[in-house]
Amino acid sequence: MARIHNLGFPRIGAQRELKFALENYWAGDSSLTDLQATGRSLRAAHWQRQAGLDLVPVGDFAWYDQVLTMSATLGVLPERAGHTPGTAIDLDTLFRVARGRAQNSCCGTNAASEMTKWFDTNYHYLVPEFTENQAFHLSYHQLIEETREAIAQGHNAKPVLIGPLTYLWLGKCARPDADKLLLLDDLIPVYRQLLQALRDAGAEWVQMDEPILSLDLPLPWQQAFESTYHRLQIRGLQQLVANYFGELGNNLSVALQLPVAGLHLDAVRGGVEIGRIVDRLSPHKILSLGIVDGRNIWVTDLEAALTVLRPVAERLGDQLWLAPSCSLLHVPVDLTLETALPEDVQPWLAFAQQKLEELVTLKAALAEPHSPAVTEKLKINRAALAARRTSARINQVDVQARVQRLSSHNAFRPTKFAERNKLQQAKFRLPLLPTTTIGSFPQTTEIRKARRLHKQGKLSGREYAQLMRAEIQHAIAVQEKLDLDVLVHGEAERNDMVEYFGEQLTGFAFTQWGWVQSYGSRCVKPPIIVGDVARKQPITLEWARYAQSLTRKPVKGMLTGPNTILCWSFVRDDQPRSRTAQQLALAIRDEVQDLEAAGIGIIQIDEPALREGLPLRKKDWTEYLAWATHAFRVCCAEVADTTQIHTHMCYAEFNDIMDSLIALDADVITLETSRSQMALLDAFEQFTYPNQIGPGVYDIHSPNLPTVEWIAELMHRAAEKIPPQQLWINPDCGLKTRTWPETEAALKVMVRAAKKLRNEFQEQAPKQQATDADAAIGLEPA
Ligand SMILES: CN1c2c(nc(N)[nH]c2=O)NC[C@@H]1CNc1ccc(C(=O)N[C@@H](CCC(=O)N[C@@H](CCC(=O)N[C@@H](CCC(=O)O)C(=O)O)C(=O)O)C(=O)O)cc1
Ligand SMILES: N[C@@H](CCS)C(=O)O
Ligand SMILES: [Zn+2]
């Protein structure tokens, strides 16, 4: 009989219990003992929820991030966080690595570790930092202790580890050209030590996550797999190597030849490979099929799944395991908590809990296909799928016709940037190195409370709008006082940059408890794209108009781009993503045009998820980038030459998509660059990026205050790569997670640095160059 297991359960808690426990602890409002008690009770509850499975995961619980836990386990923490190599690690050290340490603490400041996207998800991990002579030591025992904890509670515990090759791949070396594979020899003995300890704690199986098997790997990395896993064999412990997020592709032979007891495949994204793998699987090896989608929230088509599974079960018998395609970290916990979803939509959905129940049904259906319970479950599933297929909620003929008309033109702005730039400079008359921010200002407790009361009906629409207008007024006043050049309204009215837009569009559904961890204690509640998308009414217009009415300086209109709405929502799976992106683009275009007509001359269309949406395999890039950049251009192709379009991106590497960034043809792009100390700009230099760039000059995730000297240093580095006439000065990203005092203090420093640099750059420039530059930025020649 097939066995069922899970790759990972969401740790944050159905009601974000871990988030609140962490934030209380960090604020000094609760003790470490309280925090640990919350952790223990969440783990126990989550294992209990999974008790119907044959094996439950351990190690999916992390205090901040599972990659950080692995780094701590292996003793790979930066010394600046107070870690002495070779010594045991405590939770506070872990948090210092993740969050940095503010200036006012007793021991100076330290920068947080860099955070970046976990494959193509909206989850962010902390990048392991390898030193020149990195040594590894088993330094942190959370996984071992939790394995004992689960076993003591009567569970068949399967510890989950990030495999050594994926772990190395995710990290960065002090010397960027260093060969990380050289670290393997020292790393493997510590993995062995860990595996032995897990076996001694009572584990029979471990899951070694190696999702880099979904990537195009260089040959030495492919070759390293077999010998690594040979060296990791431990008597009495069976290993399941798990690949997810894609097909194995040209890593298929590598995976099949691994000297391990089992292999997990992402059968949702890599379903085409099942036949080939079953045919070549060594006898006695376990094949775990990730048949239930761990990345989306639609119910599984159980009949279709069984059609795939039956012949495999026939061939493999007990050696077949069933699982979700990947960890359920990326979906909300429990659909049964939802009380406000449309009645017809609810049966179409499955969250983590329901996905595990689907596995139970699939197992039963393979074992006893004709049992009344199975027949009933399949009947309910069929009915849900049929109702969704034929629902009137899905189709809007006029939206589809509009998209149809769109597909034929490429949506480039007719006038070249160089010409637009002159016109825009003449209009806005901005100084050299204009200053701006990325959009959001602090989302204070008062703002969130007001929104909660409004949602509960305890604060009227008028009262709520009044409070939000007061926030806008405050944000504008602060920015004027700081003497920023291009202002923003501050996004006070938005719960989230994606959910907020979804709420104003047709075709979306929303959850109350559908929280998914984004990083650390921060969560998002992705809206669900159920049907065709269109704008119901203007979305941001009144807020933007109000903000602009308060100042003579330009206020940027602030929109979320179609690709980002797509990536950060749960998307429909009944049409190509590209078509949904086109529908979203038309909706955003309507908003852009309304803003322009209302006199908003600068409009930012955020696309931080453009890079995240990139397929993991290069062969799929061209097609994606063509439709994604097209969707962006659709939003702004028809604005006047004098309307300045900004875009913003964060948490991404851009080297490999520079052509596409250029193809967006935004007048200004603002980027997160401070943590890489402007290294991200190398690609912009190399490709002679033609338009304007605002490289982020300070990290908004840290409460650490930047200094004028540090910002000046970064901007000097930027100016070595990009002519100063093309540069803006801004923070890395939005300021919603900061407090007002931190925000004002940091921006004050930023503006001071900008003024200092302006003088410097203007003095340094040779006369002729200065004249050209002045003309380019709209100043009268001297
Ligand atoms: C830019 N980023 C974003 C990503 N994805 C998005 N969908 N949105 C993004 O902005 N991915 C990449 C990055 C990730 N960065 C962040 C940064 C900050 C957060 C964050 O702060 N999340 C909040 C939740 C935000 C939200 O939706 N708020 C709602 C509901 C607030 C709430 O919890 N209400 C409570 C009551 C609170 C009270 O009374 O004080 C309740 O309803 O019970 C809102 O503002 O209305 C978080 O708290 O984690 C996320 C990603
Ligand atoms: N405008 C958004 C972008 C975040 S990526 C903000 O400022 O929060
Ligand atoms: Zn950002």
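Residue 1 is the first one shown; counting continues down the chain.
Note: Cβ is positioned from N, Cα and C throughout, glycine not excepted.
Record check, TrEMBL: L-homocysteine site residues include ILE438, GLY439, SER440, GLU491, and the candidate from ASP318, ASP334, ASP594, ASP606 also listed there is ASP606. When the candidates CYS523, CYS567, CYS733 are compared with the Zn(2+) 1 site entry in TrEMBL, which names HIS648, CYS650, GLU672, the shared residue is CYS733.
Binding of 5-methyltetrahydropteroyltri-L-glutamate is annotated in TrEMBL for ARG16, GLU17, LEU18, LYS19, LYS117, ASN122, ARG522, CYS523, GLU612; the matching candidate from TRP47, TRP543, TRP568, TRP627 at the same site is TRP568. What surrounds the L-homocysteine site, by Cβ distance within 8 Å of the Cβ centroid and not counting ILE438, GLY439, SER440, GLU491, ASP606, is the set THR437, VAL488, MET497, MET558, GLN604, HIS648, CYS733, GLY734, LYS736 from the same chain. Of all the binding-site residues listed (LYS117, ARG522), ARG522 has the fewest other CB atoms within 10 A of its CB. In the three-state DSSP reading, TRP568 (5-methyltetrahydropteroyltri-L-glutamate binding site) counts as coil. Shown in sequence order, ARG11, ILE12, THR38, GLY39, LEU42, SER521 are the residues of the chain, 6+ apart in sequence, with a C-beta less than 8 angstroms from the C-beta of LEU18 (5-methyltetrahydropteroyltri-L-glutamate binding site). Spread of the 5-methyltetrahydropteroyltri-L-glutamate binding residues is 28 Å (greatest Cα-Cα distance among ARG16, GLU17, LEU18, LYS19, LYS117, ASN122, ARG522, CYS523, TRP568, GLU612). Averaged over the domain 'Cobalamin-independent methionine synthase MetE C-terminal/archaeal' (433-755), the predicted model has a pLDDT of 97.
Close to ligand 2, meaning a Cβ under 6 Å from one of its atoms, are these of the binding-site residues ARG16, ILE438, ASP606: ILE438, ASP606. Checking the binding-site residues ARG16, LEU18, LYS117, GLY439, ARG522 against ligand 1, the ones with a C-beta less than 6 Å from an atom of that molecule are ARG522. As a whole number, the greatest separation of Cα atoms within the L-homocysteine-binding residue list ILE438, GLY439, SER440, GLU491, ASP606 is 13 Å.
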